[in-house]
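These notes are about the structure you will find just below.
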């Protein structure tokens, strides 16, 4: 007997849960941070590839002069991903120690983690503006 239905349910029929969403974004932020570390190492190695530093300075001048808004946005997004990944990592460490394992506490710790990540990212962005002198003391 042949039944016209899938063997296993597809992901689209499930309602997204807070815990699964946080898990997916934790993996995405980890992959993004690993990519940013790789590209930053490659960026700093560009100066070693040329015989003179003229091309490196020319490239760096292009980035800072023409793509300043892009670099600032990328740094802020990377800081947001780092704060989220770090806060969720602390949450996972607390789970490993046996804390917050009840379902209601899992959701509560997820919301607290999200607010901590947003607060840390906001503090980093404010500190970045202060160090550039855009906000007077």
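Backbone N, Cα and C atoms are what each Cβ position is placed from, and that goes for glycine too.
In Swiss-Prot this protein carries:
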TRANSMEM  31-51  transmembrane segment
TRANSMEM  60-80  transmembrane segment
BINDING   85  heme binding site
TRANSMEM  106-126  transmembrane segment
Under 8 Å Cβ-Cβ from the transmembrane segment (60-80), and at least six residues away from its ends along the same chain, one finds 32-33, 36, 117, 121, 124-125, 128
Around the C-beta of residue 85 (heme binding site), how many further C-beta atoms are within 10 angstroms, looking at every protein chain? 19
